[in-house]
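**Student:** Annotation source Swiss-Prot lists GTP binding site at 18-25, 86-90, 140-143. The annotation domain 'tr-type G' is assigned in Swiss-Prot to 9-276.
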Amino acid sequence: MSEYLQQIAKRRTFAIISHPDAGKTTITEKMLLFGNAIKTAGTVKAKKSGIHATSDWMEMEKQRGISITTSVMQFPYNGRIINLLDTPGHEDFSEDTYRTLTAVDSALMVVDAVKGVEDRTIKLMNVCRLRDTPIVTFMNKFDRDTRDPLELLDEVENILKIKCAPMNWPIGMGKYFKGVYDLYNDEVTLFETGHGHEIYPYKKIKGLANAKDSIGIDLYEDLEMEIDLVRGASHEFDEQEFLEGNLTPVYFGTALSNFGVKEMMDGFTRYAPAPQHREADQRVVAADEQKLTGFVFKIQANMDEKHRNRIAFFRICSGKYEKGMKIFHERTGKQMQISKALTFMAGEREQVEEGYAGDIIGLHNHGSIQIGDSFTQGEKLKFKGIPNFAPEIFKRVKLNDPLKMKALQKGLVQLSEEGATQVFKPFISNDLVLGAVGVLQFDVVAQRLASEYNVKCSYEGVNVTLARWIFCNDEKKLNDFKKKYEVNLAYDGAGYLTYLAPTGVNLQLAQEKNPDIIFSATREH
C-alpha cells in the first residue's frame, strides 16, 4: 500500500453525541489524555479553580461550563490519526451539532447510565440514522447508582432503534462498582477511585473465576448469572452490521475516573471506518481519489482575539492538501491559494503542512467562504446535505447607539454566517429580527457583539413565531406573492426570501392560498 493510501487508512473522524451533562466533555478530555494531547485532565467541575476543560475555549463557555461551538482535535492513538469533532453540549446549539455530523464517518454516543436515553440523544441519533453513521456507545457514570444495565440496553434498542452488542459488562454500580468484565476476552478489569486525572494501569485478571476473591462472592455470583443472561439475550458484535449503522458495540465505565475509556477507544480505533465516500450532486467521490475535494461545514468568527478573522472548517473528502496549493471554489468559480491552513487543538492553532481525506483543516476566511461551500482542484462539484434550519425563537434587535447601525448589521450577518443564529431584514421596516433554535444564542450574540464589534444591543419581543424560506419557479407568481404578503416578508442574511409568520394559522392559510409557492423549513447552504 502506498504512503498516500496508508495515511487515509489511518484516519478516524468522528463526533461525540450526547444529552447535556452526560459526560461528553469529560470523555473528550480523557481521550486527549490517552492520545498524549494533554498532560492532565481539567474537569468541568473544576471551573472555579481556574482549570477549564480543554475543548471549552470560548470565554462564555468557560463561564457557563458548556460547549457552545464545535472544536476539532487531532491526536494519534493505536497507530491511527484521530480527528475528534467536539460538538455543542448545550441543547440550544443543535443546528451546529447537526452540521458537524455531516463531516464525520462515525460517532460515539455517550449515555448517562443514571438517566438513560434522553431527548437530545434521540434527536442526534435520528440525524446519524439519515446517513447510516456507525455508532459506538459508552454507558457512563457507573461509579454512581445507575439504572440496571440490561434495562439500559433495552431502552437504547427500543427508543433509538439500533441493536446493542455489549463488549464488556459492569460489575456492580455506585459504591459497589468493582470494575468491568470483557465478554470477548474473559478478563476482569478492577476499578479503583481517585485516578481521574491520569492514565492509570488498572489491575486486570485473566479468567472470571480468578477474580472471585477480588470482587466478592455475592457480586461474583450475580455477575455469572448476568453474563449468562446477556449472552443469551443480547446481540453478538457483527462488524458489518456496525458499519451499516444497524448495531452498536456498547462499553461500560466512568469517564470521570478514566475507567473503561481505554477499552472503548481500543474498540473504536479497531472497528470504526476510515474516511468514507461522499455524495456530490454530480457523482460519488471516493476517499482514495488523488485530487483534493472537500466542503465547509462550519464558520467560526474571531477564534483568537489577537486575530480578528474568521476560520472556515473544511472537511477533506479526497486527495491531499499541501501548503500553498491552489483550489477551485465551486460556488464563486474562482481559484484560491491556501498558504496558511490551520489545524486545531481546542483553540491552539498551528499551520498545517499537509492533510488527507478525513482531516479537518481551517481556512482563513475574509468573507468569501460560506457554510456548505465545496472546493476541488478544478472539477465543478458540490457536496450534498449541509442544511440550514428555520429558527424557532425570534426577537427584535434594539440598538443602544443608533450611530452604530452599520456595525450592528455587519456583526449580525457575520455571526449568522456561523450558523447558530439567523438575521432577517423585513421588507417594510428598518427592524432587524434575530432568529435562533434556542434562547441561549441571543445571550451569546449580545455578548459577542459587545466584545468583538463594540456594539451594545438589547432585545424586544416581535410578532413572529415561524419562519419559512420561499421558493417558486414562476417569476410572475413570485412577484405577485411578494406584493400581496410584503408585510410578512424579509430577506435573511444570505439574501434568501423568507416568510415570517405571526402564528401557525397564518402560515397555514398563506400556504393554502398559494399552492405554487414552496414554504420550506430548511434550505441547503
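Cβ coordinates come from backbone N, Cα and C, glycine included.
Values in this document were obtained by computation on a predicted structure and should not be read as measured data.
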**Student:** Over all shown protein chains, what is the count of other CB atoms within 10 A of the CB belonging to Lys24 (GTP binding site)?
**Tutor:** 28
**Student:** Around the C-beta of Asp21 (GTP binding site), how many further C-beta atoms are within 10 angstroms, looking at every protein chain?
**Tutor:** 17
**Student:** Could you tell me which three-state DSSP class Ser18 (GTP binding site) falls into?
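**Tutor:** The three-state answer is strand.
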**Student:** Run through the Cβ atoms and count how many others sit within 10 Å of the one on Ser18 (GTP binding site).
**Tutor:** 23
**Student:** Have a look around Phe142 (GTP binding site) and count the other CB atoms within 10 A of its CB, chains all included.
**Tutor:** 26
